[in-house]
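The feature substrate binding site is assigned by TrEMBL to TRP151, GLU161, ASP181, LYS183, 244-255. Look at TrEMBL and you will find HIS253 tagged as active site, nucleophile.
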Amino acid sequence: MCSLNAEPLSDASRAAEISVDSLAKFTPTRILSESTSTGSIYILGTLHDSPAIVHIQKTVLESAKAGDVLRGLEKIDLFLENQPYFSSHAWIRPTPDRAPDLQIKIICPATETHIKKYSEQERFIVCETPEIYRDVVLGYINGFDESRLGWVYAILDGRKEAERILYRKEGDEEGFVILPDLKWDQTSMNALYLTVLVQTRSIKSLRDLTRSHIPLLNSIKEAVYDTAKQKYGVGAGKLRLFVHYQPSYYHFHVHVVHIQSEAFAGMLVGQAHMLDDLITLLELSPPDGPSLLAQKTYTYPLGVEHGLFEGMKAAGAILD
Ligand code: G7M
């Protein structure tokens, strides 16, 4: 069973459920969103009687093996010919040892929040002053369902994804882990995507950062550089380290993405804040009292389905 109310499953039984046979029983309800350029598509449906979100995406080609693909084609269908330009669809010949054609991610059971998050929706620019943060956002963050952070705590406690941890620094205040993000299948280095989760639960968002966190942020930076170099051969000059505001999860984390990676919504100006900029603003902050990050007005896009939207609208933070 993959049900919201069911007893939690052991890892083994849950893993056993996501199989070729079980996916064949997925009943699609509607498309939540899709990208025609990347071939990424989010489908809402039912799996084992539970709402489920299935994300299907073509896997990224490993650049060193891209040429091999042309030697393994089964069929080619030329639909545009305008010399010197040609466009075609191609089918890859199945060979036992070839890389998978698809990457499929599943959220099951999917909550209303998940469904809203992945649904195409109208967005508006929001101007979040420190007063609006205090009156609207803080209450939203404090009321955030702790269970949504279950995956974070499971990683930090070593109960989940333990074998995927690339680096761990111990310590309640200065500790953190580095691991591949859910979105990265570790195939293409140009699509490298790592996540850094801090051990402390006291930093909900970048507004909570103070000068006292500068050593933590610097040690995250250093460890990311070392880890990416050692594990993947990717140098510091190829990495974009940034933090979301608003994030989806209010437990401080840093995104690490290869600069060759195609821009996606979470990388857009407004939502993404370079880690180095945050460190600089903390260094420029007064020694006592709220940091510049706490005092700053943030301007960012917010979807109408976001849990903050109505409160922001009522507070006059949405620009017409
Ligand atoms: O900043 P924001 O909260 O939007 O980003 C959260 C990040 O955590 C995203 O890049 C997600 O892909 C990533 N993420 C989310 N979940 C549920 C997991 C997970 O279970 N494991 C890992 N490794 N990353 C996750």
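Just so it is clear, glycine is given a Cβ too, placed from its N, Cα and C backbone atoms.
Curation does not apply to TrEMBL; its annotations are automatic.
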So which binding-site residues are near the residue listed as 'active site, nucleophile', with CA atoms within 10 Å, out of TRP151, ASP181, HIS244, GLN246?
HIS244
Which of TYR250, PHE252 has the fewest nearby Cβ atoms, counting only those within 10 Å, among these binding-site residues?
TYR250
Proximal but sequence-remote residues of the same chain as VAL254 (substrate binding site) (Cβ under 8 Å, at least 6 apart)
THR195, VAL196, ILE220, VAL224, LEU241, PHE242, VAL243, LEU275
Can you list which of these binding-site residues (TRP151, ASP181, HIS244, GLN246, PHE252, VAL254) have a Cβ closer than 6 Å to ligand 1?
TRP151, ASP181, HIS244
What are the non-local neighbours of GLN246 (substrate binding site), defined as same-chain residues 6+ apart in sequence with CB under 8 A from its CB?
VAL137, SER205, GLN271, TYR300, LEU302, HIS306, LEU308
Within 10 Å of the Cβ of HIS244 (substrate binding site), how many other Cβ atoms can you find? Include all protein chains, please.
18
In sequence order, which same-chain residues at least six apart have a C-beta under 8 angstroms from SER248 (substrate binding site)?
LYS117
